[in-house]
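Student: Among the features that Swiss-Prot reports, transmembrane segment is placed at 6-26, 37-57, 71-91, 101-121, 131-151, 162-182, with the record citing sequence analysis.
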Amino acid sequence: MTFEQLIPLIIMAFALGMDAFSVSLGMGMMPLKLRQILYIGMTIGIFHIIMPFIGMVLGRFLSEKYGDIAHFAGAILLIGLGFYIVYSTILQNGETRTVPIGISLFVFAFGVSIDSFSVGLSLGIYGAQTIITILLFGFVSMLLAWIGLLIGRHAKDMLGTYGEIVGGIILVGFGLYILFPI
């Protein structure tokens, strides 16, 4: 692979990773330990490897209409997760909040990475080099997720008890933006 071929993939990796950054910014406003931030970033990175890989494999066999379904499903997952965070924050009123562990971490990572499935479909149709592409997507998304989580963690301290609600609203807003781009 030449440098000229690598540049578009790097740009695409950052574009996909910005989704992870934006959503992680909101998620970082939850009470997270550094170990949880590490796991969340790694999980997002792994999903950004798995989802485009599946998309690239299926992209050679499926029509382009499934890209719209993946896009829609990712948006709905983010909106649902955002509403859940706002709801649980208001309901629990100062108690320990739900943090993204177990199945909720996988739902979160899946929702953030589902757009990379659509990109994988397109790249599979065009025959992009699979290994380099998916590793680049995973690494950049993991790095940007960590940055977003850490910035969100510090922003939470400035926002006080409303930080988690703001984080949930960011997730809902991002999901709505995916559904209805301006």
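Each Cβ is built from the backbone N, Cα and C atoms, and glycine gets one as well.
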Student: Counting Cβ pairs closer than 8 Å, which of 37-57, 101-121, 162-182 has the most of them with the transmembrane segment (71-91)?
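Tutor: Comparing 37-57, 101-121, 162-182 against the transmembrane segment (71-91), the winner is 162-182.
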Student: For the transmembrane segment (6-26), what are the same-chain contacts with Cβ under 8 Å, counting residues 6+ beyond its ends?
Tutor: 40-41, 44, 48, 78, 82, 85, 108, 111-113, 115-116, 119, 128, 132-133, 136-137, 139-149, 151-152, 155, 166-171, 174
Student: Short question: which residues 6 or more past the ends of the transmembrane segment (131-151) have a Cβ under 8 Å from it?
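Tutor: Hits for the transmembrane segment (131-151): 1, 6, 9-10, 12-14, 16-25, 27-28, 32, 37-38, 40-42, 44-46, 48-49, 52-53, 56, 112-113, 116, 119-120, 123.
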